[in-house]
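**Student:** Can you read through this structure? Questions will come right after.
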Amino acid sequence: MLSPPTPAPSPSPSSSSASAACPPPPQVPLEEDPEEEPLVRDLHAQIINRLTPPSQLRLLRLLLASTPSLSLAPLLPLIQPRLQRDFLDSLPAELALHVLSFVDDPKTLTRAARVSKAWYALIDADQTWKRLCLHNGYPLPLRESAPSSSSFSLAELGDALDIPPRVDLTSRRTTTTQIVSSHRRHRPQPGNNNPPPSYKSHFKHAFQTSQSWLLGPGRLLSTQMSAADNGVVTSLAFDGEWIVVAMETSQVHVFEGEEGGYVRTLEGHQQSGVWCLSLVSKGGGGGASFDDDDRGWGRGWGRGTNDPSADSGSSRRGVGGGGGMGIGAGGPTTTTTTAGKDPTTARRQQQQGSACSTARGWGQQGAVLVSGGCDRTVRVWDVSTGYCIHTLTGHISTVRCLRVLDSRPVAISGSRDGTVRVWDIDRGEAVHVLNGHAASVRAIDVCGGRAVSASYDMTCRLWDVDTGECLHVFRGHTSKIYSVAFDGERVVTGSLDSTVRVWSAHDGNLIALLQGHSTLVGQLQLDPHTDTLLTGGSDGRVIVFSLESYRPVHVLEAHSTSVTCLQFDKRFIVTGGNDGRIKLWDFRTGAYIRDLCDPSIGIWRVVIRDDKMVTLSRREEFVPTLDDPHRRVEKTMLDVRTFLPPPPPPPPPPAASVSTSWPSAAASVQPAWGRRSHA
């Protein structure tokens, strides 16, 4: 029997390396013969002028067939580029930009910009980055009438996206730049010397902010520690300029809003406990907390009544959709007109004001604080000086909740005496006494010229603030009402009976009964622009309801104990609980993303505005004494953290100066606050 043939052996390493080392066939240089050059040109002219394209192609085939391969090698680098075509550069600018509109990944765009100067010019166009901002949900704070000048290069954006450089992108652009720029010429020139940044720079800023939210850790700007042990926080307000904290010790502490430095303590309330406050931003109709440029939630990331107790919390009304927190929406500072403002930005700023216990000013020069407490008074303060402007009396029991109308010097307070009072905080006068509740008024919310009050008598009432008339009484809960939200169309109430009820503000009828909690519902945030309601309960659960179907969209098992605060925008949800954790969730999917800070003993409050987060928590601190060198005490800590990218470093000093180091960017831990200011 014949044996089968043996397969050929694999090539040895030496043979493969030898073949790999074989040089390519030599290329014969294209040399011109001066004597034959006229003949070559004459033949070329005859071929072009006399032969049809099919005949030209046949002639080329004959020439190729009769030419040695070695002679064809030098033609390869000449033929290959002629067979390639830059489709983007060949298209009109409008069509090229339309093709690029299907690319949604910024890293892909940045790599594509390094292909050629023409591609760079197209991708550098503002239309590309504006569309990408809209696709990613980043607000557009730029004026539509303003030109968009590039304030940084795509190479810098590549650095932000961790893309290694490949070619030099700083060289002069091709004529495609002129084509793309022609679409901007209809825009009028700005009247100032500092035009707003481009959409590209805005996208870079917003992208870095979003990544900071998603991946962390953010930048801790400052940490403040209370002077008194076990200080109970009752209220927190933050408008960008000021941070105000109310305590059950009858003191109100003021911090500057930029980095959280301690400023002063407002003393004037007698007895124990300042239970509610509202911060009115300076300015009129467009206070600093509402109508200034869009710096971010606070994101979107991501905007209650001022019901401040730690055990049951306050309601959270969202009068704007598009980003209650501004999370991931941070952008460079711009000048924005009201008429040209992106509606999403305006809604987010309004929503931030509600969650941050602030109101738009009525034209006053400085920020004003309105506070109420156990001494049965409502006090009006000048925040910048600490001076008590008015002391309003009339309630005969603890003032438990209050709100201030936007753009009007009108405050509404609710008390344990069962009354709701309307005050003119500019003149310091009482306007109306609203009677009707049979028990303590626990929560208040406002919208326009109307207010709703929720009471332990298991009812909620809708009031006309200007006339003092009770428009509707909402009955149906079987236990005390702890939280309320109002958007002008719907009234939402949360109760100790574990249910949430939605009422019509027009006819007073019950619209829906929402269930899912097993105990007290103390947190509400309502966003009418996305028809979304968030509820938080003492069972640790957070439920996202759709107000179109009145069904739960997501049920988040957020905390092991009660939810003390929540805030959301169209991208993220932030929750805080008595378990000492602050969690970030994906609004669309309900998925847990990460913890925003290290665990503590408990979370009092969390508010987010323009991608800056202010937290009040209980933490154990090491405070040794002679008797107990290992002594640890529980302190109330205020942390200010930003998720915006760090500002660019300052320019280097002149050559003549000597600079050995830069100022440290580490967060500052300042001395204990709670002392009386002598400034």
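Backbone N, Cα and C atoms are what each Cβ position is placed from, and that goes for glycine too.
Nobody curates TrEMBL annotations by hand; they come from automatic prediction.
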**Student:** Quick one: sort out which of 495-531, 643-679 is the region 'Disordered' according to TrEMBL.
**Tutor:** 643-679
**Student:** For the repeat 'WD' (392-433), find every same-chain residue at least 6 residues outside the stretch whose CB is under 8 Å from a CB in it, and list them.
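**Tutor:** Residues packing against the repeat 'WD' (392-433) from afar: 273, 275-278, 280, 284-285, 290, 305-307, 314, 350, 353, 359-362, 364, 368, 370-374, 376-380, 439-446, 449, 451, 453, 455, 457, 461, 463, 465, 468.
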**Student:** Do any residues, 6 or more residues outside the repeat 'WD' (434-473), come within under 8 Å Cβ-to-Cβ of it, and if so which ones?
**Tutor:** 304-307, 314-315, 317, 319, 397, 400-405, 410, 412-422, 479-488, 491, 493, 495, 503, 505, 507-508
**Student:** In the predicted model, what is the mean pLDDT computed over the repeat 'WD' (362-391)?
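**Tutor:** Mean pLDDT, the repeat 'WD' (362-391): 96.
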**Student:** May I ask for the residues of the chain that lie six or more residues beyond the repeat 'WD' (362-391) and have a Cβ under 8 Å from a Cβ within it?
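**Tutor:** Contacts of the repeat 'WD' (362-391) (Cβ under 8 Å, skipping residues fewer than 6 from its ends): 235, 237, 239, 241-242, 244, 246, 250, 252, 254, 264, 266, 268-285, 397-402, 404, 407-409, 411, 413, 415, 421, 423, 425-426, 428, 677.
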